[in-house]
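Read the structure below first, then the notes.
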Amino acid sequence: MNLLLSDDYLLQDYPENITNTIRSGHSTCVRFNRKGDFLASGRVDGTVVIWDLETMGVARKLRGHSKNITSLSWSRCGRYLLSACQGWKAILWDLQTGKRHREVRFRAPVYGAELHPWNHLQFAAALFEDQPMLVDITDYADVRYVLPSVPKRPHLETDAALKEKQAKEDAKHMTTAIVYTATGDHLLAGTTKGRLNIIDARTREIIYSEKIASGVITTLRLTESGKELLVNAQDRIIRTFIVPPNLSAPNLDPDTIQIPLEHKFQDVVNRLSWNHVAFSATGEYVAASTYNNHELYIWERGHGSLVRMLEGPKEEQGVIEWHPHRALLAACGLETGRINIWSVTSPQRWSALAPDFVEVEENVEYIEKEDEFDIHPQEEIQKRRLDQEDENVDVLTVENGGGPGEDVDAFRMPILFNLGESDSEEEFVNVGLGTLRRKSPGDQENDEMTGEERAAGKKASGSGRGRGKKK
Amino acid sequence: MAGISPETALPATEPPSKRRRVQDDSVDSTPSCFESPDGAPQSPAPNTSRLPDQSLSIRHANLHAKPNNHHRHDQIPIIPNYQPHLVLQGHTRAVSQVRISPDGRWIASASADGTAKIWDAATGAHLETLVGHMAGVSCVAWAPDSNTLATGSDDKAIRLWDRVTGSPAHAVAHRENPGAAAGLVMKGLTGKAAAARRARTGVPGEGVRGGRTGRGPLLGHHNYVYCLAFSPKGNILASGSYDEAVFLWDVRAGRLMRSLPAHSDPVSGVDFCRDGTLVVSCSTDGLIRIWDTSTGQCLRTLVHEDNPAVTNVCFSPNGRFVLAFNLDHSIRLWDYVSGAVKKTYQGHTNKGFSIGGCFGVLTDADDGAGEDADDNGNIRQQAFITSASEDGDIVMWDVASKAVVQRIKGAHKGVCFWVDVHGSTMASAGQDNLIKVFRHRPRGGRLKRENGVGEGIDGVNGDDEQDGTPDAAMADEELQRRIGASEASPGLHVKEEQP
């Protein structure tokens, strides 16, 4: 609704400055929900924290893991969150109650677990030194299906020795990343040998496999539409591919599948490798956090050109996430575990402060209207004014069905009041660009939440000021 | 005023058999609707015979004004017809604001006696008295889940309350001193007793400025807190104060999130639009400002040429318009995108007090025609505007034609400060320490309406038929009369002064 009044959409569509730093424990991974109003973060101690992006405050804390959280995945409705940890466990949380809805134990640490895009009771998990799994948690007793990492070989070899050798080789082939396609009919999996597999989620067989990188594939990500695929591999190259649109066609011939490479992004000068990658909301940009370096790189996908290197705090950034529809980027600092948020800031338009203010590029001479200073009797003006109000107004109908994320019976996160008190660990929030005044002095009872409100920062403050003071 | 008297209408006296729908979406309207449930002297017969006449005249007026396109033309418009239902007694001083919870089941009231009370909207039963403020309470707001209540007071504090327990909506802090706890959680005490107890125990200044630990109040305003609004998600609370600022609070943490340097006079009203991205604030400096919730920037400023003080503001149900209550006996509907006044509603008295009103929406279900009306599966909706009036009336207007569609005469003795509508329920607050609840009753049967003959008989809502007359000309005359009459009244009084 604020879009009616602001021209913020004219602003550039990739983030520029650090605007917030939020922290709860040491976060290692973050994920936005579909609507983009909440950010889930997973901590080293296994706690999952849900942040409200509107208030930049904690909305929920979920305790159930005891090891480092490795991945998070939201359900489409935003009510369920799947978290996976190094402690061989994945938990599906119900955010309505804050309790675990399902819990699945594996026999290996989990690299990543992703929910089916349409069915929150099904997910795929990539496991450490084990074959990936498709897990159905419709019932309390979960049903697991092992997924292949290598395509079936044609049974031509009759030589037992060769067969055994192949089997051994195949056993070393592990899946390190797995995602669902947009429809949920297929899975895209990346392997230790740099292969990309397309797995039919129904038959659980590899229908296509190709070597796309020379190193271990570490991250696979799709755009919201599911048409573009982003691959990060240990060969220092980030690649984008076009996902075949006809994957879900009923008469799909696996032999015709092609996954054309679109771009390769790399820093050949500095020979950087990339910690984590993310697509922007529309897939127009690609962002990456750098290994052993503080910067975030943003490329424009259309031309494949580097558009921006984001300076942040002097800290290497790990997992990064692009907001589902805003120019906002969240990244976890590796050392401190802080979540840094970059976005764009628009200046106050002074013309908004009074109805007759206009912002002009240069001075203009005011030309008085013909009747501007005519004097009419007050009653006549009043009457004329009232007579003019014959336009029909509609105060009920919501135009264009509301903005993004305005579903009628969407899930609503409950408002909890007793957060933090149960937590001995300090926790604080900085609103980097808040126009807050410091409250009057003489309050002895400041706790860690106060004192964060700093003097009105009119200009986009740099990164260094995002630190809060700690008591 | 005919119809109801506070003595006969205590909630407890209502027989259970007369309890009616709790929510507005229940359809059937039983014949008992035509009786006065509070046992007031009112016979059904004249009531029904009066109704056809009234509705005829209203339809007539609509034809005069403009074809109404809010609904299919072959149908009779839904016209508000709110009749007295309950009188809620308990406050010992004027009631400044009354709000119906978003689920329609509860009524919260704020009073100059320093307490807020929660009532059952269906039975009128008094449920809780919220004691804790050290001065009069000016405003009250419901969280969207109807489980949390915020109150703002002249003691500069905002308190959050749990509806169910009636205690502050926060976990207990360890350092809380027991005296404070006793002062805070006195349930069920009313009026003077509570005030006396509060005076004895004294509530120490728990809580912190600009933040809160435990269950202290939200402190930060430098002057009286005057208006409150929750965001649609319930995560943000906006407050307006005599210190001329609008504060946005993180409800969960009780933390001051943002302070908007809003106005140059006391902030008299705040509201969130339906998607929560905009906040509107108004002030007696005559400005209405629209803010971006996420950035805290002012996006638009609306000022009427004559610059009348604005005392209350709210968004239209679809969020496209802003309704502003001006101290020149006018309510203006602004299109905030174009920055123009689309409609001016007149016919009530508003010169010196900060009175409130809102949009009301009636559907076919409320109009007792739930089964037959939604032939296309569409629920017909009709919006109207309602406002309190300083002469104690409650006035309702058609949004498009600006005609007065109903006037509840003398709803309160003295000033009626606030009206809130939730479907078929209407609640009003007045200077006479009372809260009144009204129920919409369909205007007779549809068939009767077509050929109804009836002479205007004194009903509850008026002393003669002129009162219900929606005709614009008549309304104008009425307005002139009232303006003339109120000319002599003193300057700006806002709601209720504290001693």
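In case you wondered, yes, glycine gets a Cβ from its N, Cα and C as well.
Here TrEMBL flags B:1-53 (among others) as region 'Disordered'.
The feature repeat 'WD' is assigned by TrEMBL to B:88-129 (among others). Counted with DSSP, the repeat 'WD' (B:88-129) comes out as 0 helix, 24 strand, 18 coil.
The repeat 'WD' annotation in TrEMBL covers B:130-171 (among others).
The repeat 'WD' annotation in TrEMBL covers B:218-259 (among others). When Cβ-Cβ distances below 8 Å are used as the criterion, the repeat 'WD' (B:218-259) is approached by residues 135, 138-145, 148, 150-154, 156-160, 170, 207-212, 265-272, 274-276, 279, 281, 283, 291, 293, 296, 312, 354 of the same chain, each at least six residues removed from its ends.
Residues annotated as domain 'WDR5-like beta-propeller' in TrEMBL: B:218-438.
Per TrEMBL, the feature repeat 'WD' maps to B:260-301 (among others). Using DSSP to sort the residues of the repeat 'WD' (B:260-301) gives these counts of helix, strand and coil: 0 helix, 23 strand, 19 coil.
Annotated repeat 'WD' per TrEMBL: B:303-344 (among others), in sequence order. Remote same-chain residues near the repeat 'WD' (B:303-344) are listed as 227, 265, 268-275, 278, 280-288, 290, 350-359, 361, 383, 385, 387, 397, 399-400, 402, 479, 482-483, 486, 492, 494 (criterion: CB distance under 8 Å, separation of at least six residues from the stretch ends).
Annotated repeat 'WD' per TrEMBL: B:384-407 (among others), in sequence order.
The region 'Disordered' annotation in TrEMBL covers B:445-499 (among others).
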Mean of pLDDT values spanning the repeat 'WD' (B:130-171): 89
The repeat 'WD' (B:303-344) - residue tally per DSSP class, helix then strand then coil: 0 helix, 24 strand, 18 coil
